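Written out below as structure tokens is the structure these notes cover.
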Amino acid sequence: MSEPLIELRDVWREFAAGDQVVAVLREVNLSIQAGEMVAIVGASGSGKSTLMNILGCLDRPSRGGYRVDGRETARMDPDELAELRREHFGFIFQRYHLLADLSAQANVEMPAVYAGMASGPRHERAAALLRRLGLSERLDYRPGQLSGGQQQRVSIARALMNGGRIILADEPTGALDTQTGQEVLRILKELNAAGHTIVLVTHDMSVARHARRIIEISDGRIVSDQARPDAPPLDALAGDEGPEAPRPAPQPLRAWLDRGSEALRMALLAMNAHRLRTCLTMLGIIIGIAAVVSVVALGAGSRQMILDDISAMGTNTVDVLPGKHFGDEKAASIRTLVAADVEALARQPYADSVSPEVTTSATLRYRNVSVNGTVQGVGEQYPRVRGVRIAQGQFFDAAAVARRGQDVVIDNNTRKALFGNHTDPIGQVIFIGAVPARVIGVTRPQETLFGNADALHVWIPYTTALSRILGQQHLRSITVRVNDSTPPKAAEAAITKLMLQRHGTQDFFVFNTDTIRQTVERTTATLTLLVSMIAVISLVVVGIGVMNIMLVSVTERTREIGVRMAVGARRSDIMQQFLIEAVLVCLIGGVLGILLSLSIGVLVSQATRGAFQMLYSSGSMVLAFVCSTLIGVAFGFLPARSAARLDPVESLARE
């Protein structure tokens, strides 16, 4: 006699009930040959369902041995048991256990997805099985659109999808009317005639009599095992290929991609089924990611705005001033900064441009209009040194400086104050105190955080200011613009050394504007980091919310998880499905968060009329994607792991 296809040896199944241990199965010995049709019959509580769960590798014996096709199951891990269910067993449940969000064909295809069957053959086989079972017009129907008998036919087709060498039918007629139940039994007998091994679990002896062998179970023990050789045979189901599914050996990569696409599809269906909950969960991610990206963009925009203002005062410049420091009371009495120092500094290789500076206040008059303004005596290179741009006319040249020319360049505020908006100031003569000067240029307005934006400024040659207005020879300061190839610190040291050589004493100090830039960058970086950390904390809170929602989802979909495990899903497949769902929620939220942040940037720009721009970087957006992905993985892992470790028997029993 050939080796049994199924063999149980002295199997016990015990459960803990408080401090006691309850034996549900006792000393069960059973062997079933390939091609048999066996009915296991017993009253409710007799242990027949527990026996079926052990036969289908959904549960394990507490003691004893169980072999399937010669393979001992005792030491198999959960994934090896899943392989047995996938490759050998097909389940037909009393309550059908079809997934409500999938079509009839998709429900039938599910075991083949986990078996790694290619999509083309998978679609063809599922459709062929449904057609043979009389459902050719119902391939795309959802379970809710099918009658009970049609749903059970879909369940039978699903059991046959991977070949269904052993079909376990648990009360297959229990939820059906008599006529439909008889039709299901006829199909099972035809499948048995085609070579499938059928194990029929029922409490109804009239149903059990359709089998060739009836095993009675009571109080966890087999009390009767009778063969019925007189049972009438039936022809095989027309067109059935027999127990083995005709599929090529699966390619690991393709099989993994197919399972991934199935997980993605189920994630999308689950999200769509709970749209409000998904949107509320996603809203937290959207706000968190938008906050992170916006904070970084605000920090970068603020930093750039301040640096632009520093540039307006002079980009990469070093100022030489009398005294020891700002506010030195003796600075006014030091008169050693002179024009010769300017010429010496201008000859240095690190000097891009140099301008002396003296400043005073004076009354500015044009005809009958008088205003108070600041008069600055500077050199011809002043626009280059300070980044001043001319809107109209020109700046005075070296010749005007040499001849102490009475030329003046005015700012836009002075133009408005003296000439209004209708008179062209170029060529007009104004009085600076008692000194007449011809207007040769108007500077562009400068938006700056530093200084008074409403102040009036005019610029004249420093030689003119010294001789005609101030009546002195010494300068208030000298500003050197350092060329781009020289580090500011090196230029500062070289200027200090040169001035010490010229003056013979430290009667001056230098101020490097690069110090302001470095301070601004450090400050903005610190503030950006601080606010970003607050945003990250909010993302962690959002992540906990995602984990909570996913745990709720696992609880709601426990039965679905049990069905997937019954048809052969590995633990990794279940974990992958829920991880993908969590990551998908977070990724979509991340994308929408970035779009929200970009929209905020547009609104800020419009609200400030372009005066302030949020600066976005690809790095911050990539970081946002990484953050949203990590949130999905980190906070989706625990729910996914919880789902993967569910017991298939308990999951199937959950309503």
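Backbone N, Cα and C define each Cβ position, glycine as well.
Swiss-Prot annotations:
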| type | residues | note |
| --- | --- | --- |
| BINDING | GLY42, ALA43, SER44, GLY45, SER46, GLY47, LYS48, SER49 | ATP binding site |
| DOMAIN | 6-244 | domain 'ABC transporter' |
| REGION | 225-252 | region 'Disordered' |
| TRANSMEM | 280-300 | transmembrane segment |
| TRANSMEM | 527-547 | transmembrane segment |
| TRANSMEM | 583-603 | transmembrane segment |
| TRANSMEM | 620-640 | transmembrane segment |
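Of all the Cβ atoms in the protein chains shown, 12 others lie within 10 Å of the Cβ of ALA43 (ATP binding site). Remote same-chain residues near the transmembrane segment (583-603) are listed as 264, 267-268, 271, 278, 281-290, 292-294, 297, 546, 613-614, 616, 621, 624-625, 627-629, 631-633, 636 (criterion: CB distance under 8 Å, separation of at least six residues from the stretch ends). When the binding-site residues GLY42, GLY45, GLY47 are compared by the number of other CB atoms within 10 angstroms of each CB, GLY45 has the fewest. The binding-site residues examined here are SER44, SER46, SER49; by Cβ neighbour count within 10 Å, the least packed of them is SER44. In sequence order, ILE40, VAL41, GLY42, VAL201, HIS203, ILE217 are the residues of the chain that are 6 or more apart from LYS48 (ATP binding site) and have a CB within less than 8 Å of its CB. A Cβ within 8 Å of the Cβ centre of GLY42, ALA43, SER44, GLY45, SER46, GLY47, LYS48, SER49, the residues given for ATP, is found for these other residues of the same chain: HIS203, ILE217, SER218. In the three-state DSSP assignment, the secondary structure recorded for SER49 (ATP binding site) is helix. In the three-state DSSP reading, SER44 (ATP binding site) counts as coil.
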